[in-house]
Every structure is written in C-alpha cells, then in structure tokens.
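Only one structure is covered here, and it is reproduced in the block below.
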Amino acid sequence: MGASRESSTPISTELHREELMRRTSFNRVFSALYTCAILCLLCRHINTLVHSNSSLSIFLSLSLFIADLVLAFCWACNLSFRLYPTRTHVFPNNLEKVIERSEFPRLDVFICTADPYKEPPMGVVNTALSVMAFDYPTEKLSIYVSDDGGSQLTLFAFTEAARFAGHWLPFCVKNNLVDRSPEAFLKSNHPYDSEAQDIKLMYESLKSRVESCVERGKVVDEYITNEQDRQAFQKWTQDFTRQDHPTVIQVLLENRRDKDITGHFLPNLIYLSRQKSRASPHHFKAGALNTLLRVSATMTNAPILLTLDCDMFSNDPQTPLRALCYLSDPKLGPILGWVQFPQIFHGLNKNDIYACEFKRVFIINPIGMNGFLGTGYVGTGCFFNRRAFFGGPSSFVKPELAQLGPDHIVDKPIGSQAILEAAHAVAGCDYEEGTNWGFKMGFKYGSLVEDYFTGYRLQCEGWRSKFCHPERPAFLGDMPISLIDVLNQTKRWSVGLLEVAFCKYSPITFGIQSMGLLRGLAYAHYALWAIWAIPICIYAFLPQLALLHKLSIFPKVSDPWFLLYVFLFVGAYVQDYIEFTLAQGTFERWWSDQRMWLIRGLSSYLFGFTEYILKSWGISTQGFTVTSKVVDDEQGKKYDQGVFEFGVPSPLFVPLTMTAILNFWALTAGIVGAFVDPNLDGHFVQILLSGFGVLNCLPIYEAMVLRSDKGKLPTKITLISTFLAGILCSVSAAVLKLSY
C-alpha cells in the first residue's frame, strides 16, 4: 500500500509562482495619505503665490512651488512601483519534468567590450569562461564576444582562453563548482588538491601572457604558436585603427569540432569586431548588439539570447535554467520578451559610499514593475526571446534577409566558408542603410541608454517581461570606485534618459497611450531622472541664502502647516528606509544612498540636464565614454577604507563644494543668531535644512580641509567654489536690498 500511495502522489511541474508582497496594503494606504498631504502643500503654495505683494515674495514662493511641484511629480512616478510589488519564485528542479534536457533551446550569449585599457581583457575572459561553464548542454551554447575597440589584445586573450577552456570546463563539472569564473574560484575558500593546483598554474600563466601583451600594447610573436592565429593577427596592419578597420570574425571554438580534455564537445566561441568607418555612424553599444544579432543569426540563430556586460561574470551555473522556467512556459511564451536578473556588484565596501549598489533601480523598482507588466531591460544579465527584436507579438517585422529572421535554421558548421561570408556581409558598417535596424528591429537607436530605450519600446509593442531575483546572485559585476567615475556615469545616463523623455516616444505621452498610466509613469520616473536637480538645487541654496539674510520662508514651529512639512519629510525618508532594509540593505548603506542622491542631484543630474539642452541646440558635447574597470591600488585601498576620492579638478565638484560652503555659512549664522535672538520659531526649518546639508557634506569638508593625499579636493575647486558662493551671497543681498 505504501508503494501504491507513493505512485499516486502527483508530480509537481510548477515552474514559477508569483505573489503580492505583504507590504502592498501599507504602501497603498500610506500613498493615499501622502498624496493628500502633497495636494495640501501645493494648495498652500498657490495661495501664498496669489497673495504675494512684492517681486521678492513672488520669486521665493514661485521657486518653492516649482521645487515641490517637481517633487510631487517624481512622487507620482515613483508610486507606480509601490502599488503592486510582486515576489517571484522559480523551480528549476522541475524543468526537466516538463522539457527534456536534449530539447532545451539553443542559447547565444552576447558579451560586449570596447577598450582593453578601461576594460581589461582578463576581466572579459573571466566573464566568458563563467558562462561557457553554464549547467547547460554545451552543444546548444554559443558565446559571441563583440570587441568594439578592434583590439588584437582582446583577440589574443580569447585565443588563450579557448585553450584554457578545455581544462577549465571539465574541472568545473567534475567538482560541481558554483564559482565558475576562474578569478572568483581562486579567491574562494575551495580546498586545493593537485588538480586545482594545476588549474591555478595554467590560469596564472594565461593571465601573465595576456597582461604582458596589454602592458606592451601589442601581441608579441613569441606568443603566436600556430599558423591560424598568425593569419588572424595579420589583419592588424598599420591602417587598422579602432575608428577605421574591416570586420574581423574569428571562430575560436566550434562545438562540432573542438573537445575538452575529457572528450566532450566545447561550446562555440566567436570573436567579432564589426567594420568601422569614420564616415558611417556606429550607434555605440546598440550598434554593436545589432551586429551581434545579425552575425549570430547567420551562424547559430539561437531562439534565446543572453546579453552581458564584459565585467558581469556568472555567479550561478543554473541561471539559464531559472530563465527557462519562464521562457519555456507555453502560456507566457507568445508574449514574454525577456527575463531580467538584477545587476549586483561584488567588492562593495561596507557602507557602499558611492551608492553603486543602486538597490532601488536594480531590485526594489523591478519588483514593483513585476506586478503589472514586468521590469525594464538594464543592459546586462538579461535573457531575450530573439523573436522580440522583430516587431510586437502580433506584428512581425520581416528582416531584409530571410536568414536573419528568428525562424531561420542554420544547417552548416559555423566555420564553413558560406557561413563566414554571410556573417561578414551583415557586419559591414554600411549594412544598415535603408533597413529597419535600430528603429523597428533590434536594439533601438536614439539614446545613449540603449538598454532602457530598447526595453521601453519593446513593452510599448506589447512584449512582457519577468524579473527573476534568486537568493544567490545570478551575475556579479564591477563598479567604479572613484567619485568622478560614478558621477560621469550617472551624467551620461541622465543625458540618454532625457533623449527618450523628449522624443516622439516620450513615456509621458506615447508610453501612457501604449501601456497605460502606471506603466508610462514607471518609465517616466527614469526618463526624467535629471529633473531631480531642480528641487535639490533650490533646497540646497534658497533656504540657506534666506537664512543668511534673516528672511523666513517656511512656517513657524507654532504654525499647524509646520506639521505638514514634518510629515512629508519624515514620511518620505521612513518609507524609503523601510523599503531599502526589506531589500536586505543596512542603515549605513541607506544613508550613503540618500547622500549620493543629493550629490548626484547637484552634479550629475544638473550637468546632464545642461548637456542635454546644449545638445538639443546643436552645441557639441561629449559623446559616449566607457566607464573604467581598472582598479588603481591606492584608489582601491581608500575605497575599502570608505574614503571619498576626489583628486580630479572636475566642474562636477563645483556645485557640490558651493553647497557645502553655503550650508556651513548658513548653519553658523543660524546658530550665532540663536544666541542673539533665542526666538528661532521663524527660522527653525531653514536651520534644520542647513544642518542636514552640512551633515551630508561631511566627506567634502574632510576633502577640503583635513586631507593632504592625492584624493583631496583640488585647491582650485575650493577657491572657485568659495568665490562663487560669495558672489551668490552678494547678489542675493543686493536683490533683497532693491526689493525694499
């Protein structure tokens, strides 16, 4: 009877499950109360503005009204993430009960790199080796490395990696490793036996050869060991530059031909550097990804694609199986465009001083979007349905060549002459002329943030997505460890997002029409990121200047309206803190996140907004730049200690330093004034804001006064900022005098 009962037990074939999070009801009730409070505040501003009887009072009232109106709009956009926060669960152990392993769909992996000096080849190699070692049938796995820098150093690194893969992959399988990036494995506490020691020696030898070539700036002849490699490197002639060169496609491993040391076939590994010409637009990373789409279509044409940043290595070999829990669901399949995993970083210092974790962007908000449409695309760690790049679920856009379509079946070896000729043909710099690539097909052009724009446009076309957030991070990446790199990166994002906000596909108009109010506002939250600069700058300067001139602009403590300000300020911060800690954050990291939000508002967002305006007027601005992944030893040491790194005399630091100086002056004046006139009722809020500003500027004061190392704030920046702050005080005093 026991056997009979066991045999009658149903076998679970559930692949995924979703449930609203417990905080949903609280979010909705609090949002209703907070919305009412915002409306009351805006009504008060309008009433004050209407009854203003001088140009000065009109200016002050209008400035505060604009600041709070922008904050109210940002709150409304952010509300879309809080109404339907949805937790998802996947069950990869049930996958083979639904689909045989031999029937798993083919998977093409796209890894993009652009500069061997900012993105070291060994980092890219580790990313590639980690995904080559996925727990996935190797005959169905192809890795494409797009080198947009056209560097022989990157190709050399991968010719070496291809040889090492024959030892590394069977070692991972035999020992059931979870850390399948060689660098991560060697830093782990995995016990070393003789085999592991051999692997370590092989890897260190590989690393030494690659880094030696990078240091010399070229591949030396002694490292080229066969005729096939020699022919490949002969393509780098004197006329070959990163801006002007022919297509280079090199099949480094072919799974019908190459085997590992145990006799099992290895995955495909293909190096690609698309043709470049100064006379043709190349559309940055979006152009590189579209070239990968076409080249991979001619060579393997897998129905599933994974896009990865070059520094984002696999941290869980079962990640493709987790993605398949969604992608193989017949109910979701016809409308599911992609499965996004969170972007998580390793090596963050204890307090994450630069808030590079972006917990709200990469975890909290995607959980909120999961409840009504699915998350956006963040540029890495994303498994796509290839069909999603060819029109909406019910509106297929036919490519100009049948062999580029998602249903095309490749029936020749990837190294055959016919396949290579076809791949070279679609990688030309002028191939896209007169086609739909970048507009109706593929990754979308028109913004520096091609990931956000592509995900947004695909969802407007009707595609849905899923956010998969397993307990063990699927991928781990590097992050910038100097303040200037962090701010430049955010500034570039701000410019790209504004390009979307004010184009014909604006989320406020086109997005809401295509996807509905909540979904449109969710995307508008990101598109208009840079407008945070408006209220942050107003509240960083205006109340402080008014305090210096003994002018009260907020309600007195005894005024009932004061309680409204307290509720709005404390309520926003408490709710944000709760969400942050529920996402496994700490108080210290939350405080860093809040401080960096203010710092970005006074630098990245402000300069990004300005740069976008100049760009709109046809004034040339800086183009796309690659964020450096090279870690300087001294910078790394300071970062680990939690010390801010300034060092570079950048204009981005001027508004920050001005804010620090002005808030210090205002706080000092407020405290001194308190001794002269103990009645602080009218200036309490301004003193509080100045103190809050000083508290957030502590790293700037330290860099200005207490430090003498290379990372201190440059003296030139301090002098310029002090001069400008003084000018601001003098001008405001003159305006105040004239108003009387």
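In case you wondered, yes, glycine gets a Cβ from its N, Cα and C as well.
The active site annotation in TrEMBL covers ASP148 (among others). In the shown protein chains, 22 other C-beta atoms lie within 10 A of the C-beta of ASP148 (active site).
In sequence order, GLY376, TYR377, VAL378, GLY379, THR380 are the residues of the chain that are 6 or more apart from ASP451 (active site) and have a CB within less than 8 Å of its CB. Positions annotated as active site by TrEMBL: ASP451 (among others).
Feature annotation from TrEMBL assigns UDP-alpha-D-glucose binding site to LYS118, GLU119, ASP148.
Look at TrEMBL and you will find LYS285, ASP309 tagged as Mn(2+) binding site.
The feature transmembrane segment is assigned by TrEMBL to 29-50 (among others). Here the transmembrane segment (29-50) has long-range neighbours at 58, 61-62, 64-65, 68-69, 72, 75-76, 79, 82-83, 561, 564-565, 567-568, 571-572, 575, meaning same-chain residues at least 6 beyond its ends whose C-beta is under 8 angstroms from one of its own.
As annotated by TrEMBL, transmembrane segment applies to 56-77 (among others). Sequence-distant neighbours of the transmembrane segment (56-77) (same chain, 6+ residues past either end, Cβ-Cβ under 8 Å): 34-35, 38, 41-42, 45-46, 48-49, 521-522, 524-525, 528, 531-532, 534-535, 538-539, 542, 546, 551, 553, 572, 735-736, 739.
Residues or ranges marked as transmembrane segment in TrEMBL: 523-542 (among others).
What TrEMBL lists as transmembrane segment is 562-585 (among others).
Within its own chain, the transmembrane segment (597-614) has Cβ neighbours under 8 Å at 355, 487-488, 490-495, 498-499, 529-533, 536-537, 540, 621-622, 651-653, 655-656, 659, 696, counting only residues six or more beyond its boundaries. Feature annotation from TrEMBL assigns transmembrane segment to 597-614 (among others).
Long-range Cβ contacts of the transmembrane segment (652-676) within its own chain (Cβ-Cβ under 8 Å, at least 6 residues beyond either end) map to 484, 487-488, 491, 537, 540-541, 543-545, 547-548, 550, 599, 602-604, 606-607, 646, 683, 686-687, 690-691, 693-694, 697, 700-701, 704, 713-714, 717-718, 720-722, 724-725, 728-729. The annotation transmembrane segment is assigned in TrEMBL to 652-676 (among others).
For the transmembrane segment (683-701), same-chain residues at least 6 beyond its ends with a Cβ under 8 Å from one of its own Cβ atoms are 353, 539-540, 543-544, 546-547, 550, 552-557, 562, 565, 594-595, 598-599, 644, 656-657, 659-660, 663-664, 666-667, 670-671, 673-674, 713. What TrEMBL records for 683-701 (among others) is transmembrane segment.
Marked as transmembrane segment by TrEMBL: 713-736 (among others).
Across the residues the record lists as binding UDP-alpha-D-glucose (LYS118, GLU119, ASP148), the two Cα atoms farthest apart are 13 Å from each other.
The Cβ neighbour count for GLU119 (UDP-alpha-D-glucose binding site), using a 10 Å radius and every protein chain shown, is 26. Of LYS118, GLU119, ASP148, all annotated as recorded positions, the residue with the shortest Cα distance to ASP309 (Mn(2+) binding site) is GLU119.
Panel annotation: around the transmembrane segment (713-736), residues 56, 541, 545, 548-549, 551, 646-650, 653-654, 657-658, 660-662, 665, 700, 703-704, 707 of the same chain, lying at least six beyond its termini, place a Cβ under 8 Å from a Cβ of the stretch. GLU119 (UDP-alpha-D-glucose binding site) is 11 Å away from ASP148 (active site) when you measure Cα to Cα. The binding-site residues LYS118, LYS285 differ in how many other CB atoms lie within 10 Å of their CB, and the one with the most is LYS285.
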